[in-house]
Structure formats: structure tokens, C-alpha cells
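A.B. asks: Sharing a structure with you now.
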């Protein structure tokens, strides 16, 4: 995970691709492209002063061989990296060679099975009985006896470790079929290929199905998918969990990637948003916490039971899979991220419910990004937050305790305390980066405010690391940790007063993985105003700017632009004007019961602006009704009762399945697609409407109905979507056909079959007697004609039942399932029933009809 500073903020990771969503307009695309260029330029600036790496020797180049004589293997060396982490004593001296040796080896491939998917038992069986045995016999000499095995610490044997890297998996012919299996199952959402240590943070959230979960920096979405698996794992067929996952990312293109990756889940319990994590909206109707529970029927404030803060970081824990890190790494990559990490995590704490749990994590080995941030969170939060000891959870996971002392490097100088930092660097090297225990909250807040007023273009020093625990152990809260010692043998060693040993650091050579840092926080009480001050950059405006706001016309919201206002030679980051005028509830909540000087000043600004421009309120309401966010289609509840009744009547959808109030669309004119949202998502969408669309929603819900283009005379204007079929199937009572495995298989393989060409003539007759339009075909083992039979309901409610969406045309039955999903179902048919693909002779007998006018 890499991150760098751009003109607006620091992004979570580099996005390699992702599809453009239809709801994002052209202006938004252009802005996204511009931000992508800024991001790339920022990365180049970040690594501009990377240490020069000498090219490999001629002998080494010759050893590399290959068809291209100019090709040279990557140099897995960086003297600055080694010097830095030796001084920090990230591992003990006797471990150093093993540590570096593992860092230079390719990262083993790992993946996770989606336990909430319909066929996960088939996948587990195939892994255990087919691939594990065959791979052990074929590649055991090259990759060891346990070439493929479950990760012992992941619950339910759902995560698997491979002794070969992803590159080896692609190139080794003996692994070709296994590689194809992984690609296919990943495409349809049955597995997720994910680094092993990346799977750890969600496990410590202790997620329950009814939890509201916020993933603040979510892209590319592997952890979000994991969280969705957790809330869906125990649900019954046709029933949605009471919780939800809200996945957020700052970058539009990364949101596209996030949407693409989570779409495989087909869930009604997901909202994807596009905000700066450190400025994530409150969406509060309540003025204070005492009002939150006055009306239990309505959501009053956006709060979460669980928050995942997998923050932007320098990413040197991923050095095994990103060889460029060896060349680009420098000691300035961590310090510059520290303040952003603190602000994002504090925002997460502010959005966390009392009694809730938050996990802070990075894929960095740097203590300035890790222990220093956690210490600052505890310092700012006071008695409102505690750092949990989770050493008894996941006992088979090899982890090391957090560290209590470290040093900070700025340029070529090392510092043990902030007092040692030269005066002209004190606004860059912050007190919160040090383990010093004598920094008061007041002194830090002052320095933190001053730092936030520095120009974004200032030079930052970015990296720092932890001094490894020594052998002389002493007890802290019952946990044995090592005492620390400065390499320079000075007496000015500062130790953190906080129990940072409760954090955990995963180092690569302990279990052949990447590196990660995790801390688990528990919220004991609401934050007060002075504590929340640190969760957001303050909005302070001068008189000239206030007058300018009075005079200029109301602009549309510019979520990616930040206005820099100079006041007394200090630069402050200020939200765009529409945000400023539309978020009074936001700031009321942020400042809590006690308001500091800055927040009071903001409140005065609001009063001035609003009293002088009452007409702006009316304009704002109109903008809110259309869409708060330029270039993004609004989320609109579908309220056409006539259409809903026609859909319910056509498919025989039972009244127990609520459609009213749960269908949303992104189109203001003609609802081409309708998405189904859970009750929990519905409440948040309603709250968002009431507070003026403060949430910029990029995606939500699962596609359930889509307007069709057929001219076959169908009485219902909408067809079912395969994505939402599993949720709706137990409640459908009409337009259902039951097919034998043979006919079901042929439908999948050829997509279009004439009624007379089905193996079972009765099935063909039933299909022909159906009125034109969308229908559902259900696979029945040991096929019998059971239409109208008392067992039909039990079959539809069975979570293992396989069904597809079809279109009954003039003389054919046409399958409306995407190619990857069809391939997946064919694989299941072959595995369960041993039905092989049809021959060429069969294809002549079952010709594909090209005259179908219905897009899938």
C-alpha cells in the first residue's frame, strides 16, 4: 500500500484501473483524470530524493540470462532502508539476516473463500480433495510438501496459503489448471485473492450481522468484501442481515475499483461513498447526544458499531510484492503521512458508537505511522478510548507486541525527543511523532494547529521507526515485553506512557508473509469538543472571505477542490462554499458540548453568511433535491405504486417481501434500473436526504429490476436481475419453471433453445404455455414435474437451490446470465452431476437463435 501527498489530500493506494460508473458525469471524469496526474506527480516528487542504487554486476546480469540481453533482474537492496531499520532495531540483531532474506523472496500467494457464497462447500471440497492432493504430487519437489494449505490462524479454514508466488502461479504449467480455477472463482466472487496479513484487521473487529461498519479508506475493496462476508455469513435464505458496510474512498477512480470488486457480493447492505476520510460527514439531525435516542423510529446521527481505519501509509510492509519499493524507498516517506493518519483515525473514533470497536492498521513497519499514531489517538481522546489487549484472540497468528520507544529521522539527523529538533524544523517534525510521555495535550494541540496551517508544498520528512524490544523483560499489564535501549547509549531515552505493547506488529520472517501493524481501540465515552478539534482541520475564515461569500453567487459543490485561505501568512484548508453553507449540523455535532475558539469562530461565520443570504437556503434546497454532488446522479426512492404493483403481480411477489421504500434508482427521468436496499441502508439514505445529501453516494444496493426492451408483448415493463435473484427467489410464486439437470445444463451452455428441443417435453410445453416475458428456471435434482406441488416452497427457500433468470420469447427460452456466472454454474453442474459439455453434434441439434431482442 503506497500513499503520497497531492494538492487535496493523501490517497489510500495507487489505483491501477477500474471501470467508470454510469452515474459519474464527464466533468467528474475529467476531474478524476486531473487528480490522477497530480497523484502521479506527487509520487514522483515523494521519491525524487530516493537513494541511488548501483546497478547489478555484469556477473549478476549474465546470471539473469533470458532472451533480452539488456534485461537485468531487480536490485533488492537499499542501503538507506537497512541503515534506517537497523538503527530503529525493528528486529533483534540476531534476526536481521533472516529478516532481510525473507524480504528479498517473492511473497507467497494467498486467497480467501467467501463463506457466504452459495457454493463455498463445493469450493472447499475441491481444494481439499482435488487440488491439494494433485499439487502435492506434482510440485512437492519444487515447492515443498505443503504446497497449498489453510492458514492455521484464519477461522474455518477459509484462507489458504500457497508456497509459490502469483508470478510462479501464472508461469508454471503444472499449476495452470489451479490458476484458471482461482481466476474463475475470483471473477464470480467465490474467492478473493488477498495478501494474508491484509486479512487480519477485519478479524479483530469482532463483527456481528447487525453491526453498522465503516471502512474509511476502503479501496481496492478486499477488506470491504471480507466485512460483507462476515455480516452475511449467518443469514437465512431470503433474509438480510440487520447491519451494513459503508465503504469510503477519496478518489473517484479508486471508488470505481471498489465498486467493481464488491459488486461480486451482490449485497443490498453496502453503501460506497466518496469523501476525504478525515472529513467524513456526520449526517446528524440531533444537536447533541441527548437527542439521539429521543425518536427510536428514526436514525438521528450517523454512527457505527465498528470502524476500520486501514490508513494511507508508506507501504514498506509490501516490499516483497512491490520490487520498486527497494529503489524508491527513502526515510522521508513516513513522517509526512503521520498527521493525516492521526486525523483519519480521530475521525473514525468520532464516528464510532460508545461501546464500539475500531481497528487502526497500516502495511508499514514504521512506528511513526504506527505506535506514534496510536499514542496520539490515546492522548487526544483521554479517557474516552482505551487500547485493547487482544493477545488471546487468534492465538495461532504469530505477532509481536507494539514498541514503547523509537527515534525520529529528519533528513540526515536522528532525534530522540522533540526538544532536540532544530527550531526551523519543529513545525515539520511534530511532538506526536515521538514516544515522549511528558507532552501535554495542550502543547500538542497548539503545535498540531500550527502544523495544519503550513503550506501543503512544504518539505516534509516522512519516516521513522521503532526500537525493538530487548531481552531484559519486565511485565506491563501482564504482558512480557522487552526493555528498550538507544543505540547511541544516551541517557535521554523516552518511553511512551501508553500501553503500546497491546498493539501488534507482524513481521515477514515469522510466518512467511508481508508486514502489518494493527491496534484495536474501544470507545468508552463520547469525545468532547476539545478532543474532536483534532479530528478535522478547522474552518477559520477572515472578514474578506466572509464578504466575498456574501457577494458571489452560490457555487455548486466541488468535492475534490480545496480553497486555501491565507490569514496572517498561514494557510488553512477550507471546505468548498457549498459544503460550508450546508453543514451546520455537521459542525454542531463535531464541537459537542464544549466549543473551542476556532469552532466558535466557525459558528459566527455561519451566522453571518446565513443571516445575510436567506435566499441561498432556498437555492440550496433545490440543489439538494436534484443532487448535492455535481456529476453524480442522486439516489432517488422509486415511488411509482402502479409500476411496483405491476411487478409484484407479474412475478407473484409475496407481501412479506417489502418492495415499497426499498427500491432506489439513479435516474431522474426514466428509471432504467432499480436497486434494492436493506432496511439499514434505507435509514441512512433517508437521513442523508434530511441533512441535505451530505453523503456523496457512489453506489448502493443490489440491482433487482431492469427495464426491458423486448417487443414480445410482455405486460410488465421490468425484468428480474440475476444479481438480486437469490434474495427474491423465496418470495416469488409465479413465472417459475422447474428444469432437470440435463435441460438446465443445456440452457446454460447454449443460452437460447427452442421449446421443442428440450429433453423433457413437458418442460418445453410449460415454457411454451407461459406468457412472454421474464421468468425463473429452477434446477431440480431427481427431476419430476412439481409445478404447483407442496414441495415447491421448500425448494425455493433452500439456500442451495440453483436458479437462473430467463426470457420466454416467441418460440425460445433465453438465458439472461452473464458469461462468468454461466461458466460458474456450468462448473457446479459438472462437479455435482458429472454433466460434461455438449458435443458439436449436440450444437447442431440445439442451434443458437440470434433473433432475441432482449439485452442481458
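Glycine is no exception: its Cβ is also placed from the backbone N, Cα and C atoms.
Annotation comment: TrEMBL describes 363 as active site, nucleophile. According to TrEMBL, the feature S-adenosyl-L-methionine binding site maps to 217, 218, 219, 220, 221, 222, 223, 249, 310. Taken from TrEMBL, the feature domain 'SAM-dependent MTase RsmB/NOP-type' applies to 99-524.
I'm curious about the neighbourhood of these features; can you describe it?
C.D. replies: When Cβ atoms from all protein chains are considered, those within 10 Å of residue 363 (active site, nucleophile) total 26, not counting its own.
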A.B. asks: How big is the gap, in Å, between the Cα of residue 310 (S-adenosyl-L-methionine binding site) and that of residue 363 (active site, nucleophile), rounded to a whole number?
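C.D. replies: With the alpha carbons as reference points, the distance is 8 Å.
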A.B. asks: Taking only the Cα atoms, work out how far residue 217 (S-adenosyl-L-methionine binding site) lies from residue 363 (active site, nucleophile), in Å, as a whole number.
C.D. replies: 13
A.B. asks: Whole-number Å distance between the CA of residue 363 (active site, nucleophile) and the CA of residue 223 (S-adenosyl-L-methionine binding site)?
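C.D. replies: Distance between the two Cα atoms comes out at 13 Å.
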A.B. asks: How many Å separate the two farthest-apart Cα atoms among the S-adenosyl-L-methionine-binding residues 217, 218, 219, 220, 221, 222, 223, 249, 310?
C.D. replies: 13
A.B. asks: Give me the count of other Cβ atoms within 10 A of the Cβ belonging to residue 223 (S-adenosyl-L-methionine binding site).
C.D. replies: 26
